[in-house]
Amino acid sequence: MVEKNNKLGFVVAGLLLGILMASMDNTIVVTAMGTIVGDLGGLENFVWVVSAYMVAEMAGMPIFGKLSDMYGRKRFFIFGLIVFMIGSALCGTAENITQLGIYRAIQGIGGGALVPIAFTIVFDIFPPEKRGKMGGLFGAVFGLSSIFGPLLGAYITDYISWHWVFYINLPLGILALIFITLFYKESRVHREQKIDWFGAITLVGAVVCLMFALELGGQKYDWDSSFILSLFAGFAILVIAFIVIERKVEEPIISFEMFKQRLFGMSTIIALCYGAAFMSATVYIPLFIQGVYGGTATNSGLLLLPMMLGSVVTA
């Protein structure tokens, strides 16, 4: 638990800034993608700018969550901030779309530490009766990032430079780093846990195989080519391996017992379909508006606003 004399306002501010950076980083980028692709080229690979971040973040969340339980929240939250800022600085200096995709993966690793640890720290420093209020505050940050991220990214792209879509994270990250370093004091009591490394590796490997197959199939390779078929086969093998591993380990990344509940299973399927449609529209509509109709980043940001607002209001 955190000592009573901590200035919780500064701690919460630092956590909120970390959550804001991690949650807004995809929405702020989508409206800049048309300009980025026009500047760096690589239209056929632009989807990795978004996907690399999401895959790295997804892989990092369960791992950093467990590591923070074992070795301390503060050090891994600070680690996430530093890695995220390094990735942001590198993204701003990218000279081609491949570099940008790699640097976005570095950002995603940092984001994978920030999100789960921030929520865990809230549970550490607040009593049960106040956790709901804080959870609502953090949820509001996610909502605001969805609504204003595309508009902010569009404004920065049109009136400053797309590079600052990434550089804007640096002052926010430094401020969060100062708040957490100076004002967050945690106890040294941590509990031992087992990390499901094999589950994480097989899950990430399966996702990467599927993404490469869908991205390269029909473009650089025929759908029935040996390379694409090998990727699909690798995806299937890794998914089966992941399921087998998760059923045997003591602390799985995904507990398949939850899917025995019909409500949870159906909700997961609906969320998957919604997420796929939402992200597809968010990524491709700005590129279509700017590339086909010759619109500005601001035009695409305004076009996304009703969808973003609707998703937040109805959530």
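Cβ atoms are placed via backbone N, Cα and C, with glycine included.
The domain 'Major facilitator superfamily (MFS) profile' annotation in TrEMBL covers 11-315.
Under the heading transmembrane segment, TrEMBL lists 46-64 (among others). Taking Cβ pairs closer than 8 Å, the transmembrane segment (46-64) reaches residues 22, 25-26, 29-30, 33, 36-37, 76, 80, 97, 100-102, 104-113, 115-117, 195-197, 200, 203-204, 207-208, 211, 215, 253, 279, 283, 287 in its own chain, all 6 or more past its ends.
Per TrEMBL, the feature transmembrane segment maps to 76-95 (among others).
TrEMBL lists 101-123 (among others) with the feature transmembrane segment.
Here TrEMBL flags 135-156 (among others) as transmembrane segment. If you look at the transmembrane segment (135-156), the same-chain residues 6 or more away from its ends with a CB under 8 A from one of its CBs are 12, 15-16, 19-20, 23-24, 26-32, 118-119, 122, 162, 164-165, 168, 282, 286, 296-302, 304-305, 308-309, 311-312, 315.
Taken from TrEMBL, the feature transmembrane segment applies to 162-183 (among others).
The transmembrane segment feature in TrEMBL is assigned to 195-214 (among others). Cβ atoms under 8 Å from those of the transmembrane segment (195-214) belong to residues 51, 55, 58-59, 62-63, 66-67, 228, 231-232, 234-235, 238-239, 241-242, 245-246, 249, 251-254 of the same chain, restricted to positions at least 6 beyond its ends.
Annotation comment: TrEMBL describes 226-245 (among others) as transmembrane segment.
Residues or ranges marked as transmembrane segment by TrEMBL: 266-285 (among others).
Taken from TrEMBL, the feature transmembrane segment applies to 291-313 (among others).
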#### Entry: Reported mean pLDDT - the domain 'Major facilitator superfamily (MFS) profile' (11-315)
86
